[in-house]
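TrEMBL annotations:
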{"type": "DOMAIN", "residues": "4-187", "note": "domain 'Flavodoxin-like fold'"}
{"type": "BINDING", "residues": "S11, M86, Y87, N88, F89", "note": "FMN binding site"}
Amino acid sequence: MKSSLLYIQSSIFGDNGVSTGIARNLIQKLTENGDVNVVERNVANGEIPHFSMDTIAAIGEGNAKLADTLIKEVQDADTLVLAVPMYNFAIPTQLKSWFDHIARAGVTFKYTESGAVGLLTNKKVYIVIARGGVHKDQGTDLDKSYLTTIFGFLGITDIEFIYAEGVNLGDETRQQSIEQANREALAIAS
């Protein structure tokens with residue numbers, strides 16, 4: 001049976017983004033030995049609007065075509081790969097908008113007497129994070145915390161993080177960090 005991989009690219013630098021390059025190498029490794037349908041979603045291109053009252057109204061009226069499409073892409077995927085740069089200690093706002101559109105009560109999570117329960121289970125997520133500075137396991141490691149929390153809220157708990165840190169701390173540090181992250185990505189995918 002053909003498996004499905006959803007690739008979410010959120011770097012405003014597109015194909016030149018550090019996270020994008022590492023994520024593409026990871027996807028190549030993940031798909032080399034099997035029949036995998038890859039769906040690519042570029043959230044950095046501005047296609048997904050920020051969450052607003054118009055969005056909520058469209059959902060209420062059953063007319064949220066873009067959000068419905070985004071949700072279906074996630075529901076259909078066995079594996080998700082996210083290319084996530086850190087901008088000003090956070091994920092890109094465009095990626096946050098993607099989460100806002102896919103988090104829908106009764107569809108991707110539900111409320112119970114004991115709290116929210118995620119409905120997007122049995123999925124594997126790989127997150128490639130690129131950062132200009134070094135933040136892993138520090139108080140400024142906010143994107144990992146957010147991504148773990150939001151995916152957990154949606155029912156996805158099998159998450160692997162791959163880091164390229166210090167990419168703005170000089171050419172040598174950048175190159176070493178990218179090489180290390182690529183080695184890590186290939187090892188995780190093997």
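Glycine too: its Cβ is placed from the backbone N, Cα and C atoms.
Other C-beta atoms found within 10 angstroms of the C-beta of N88 (FMN binding site) number 7, with every protein chain shown included. Here the binding-site residues are Y87, F89; the one with the fewest Cβ atoms within 10 Å of its Cβ is F89.
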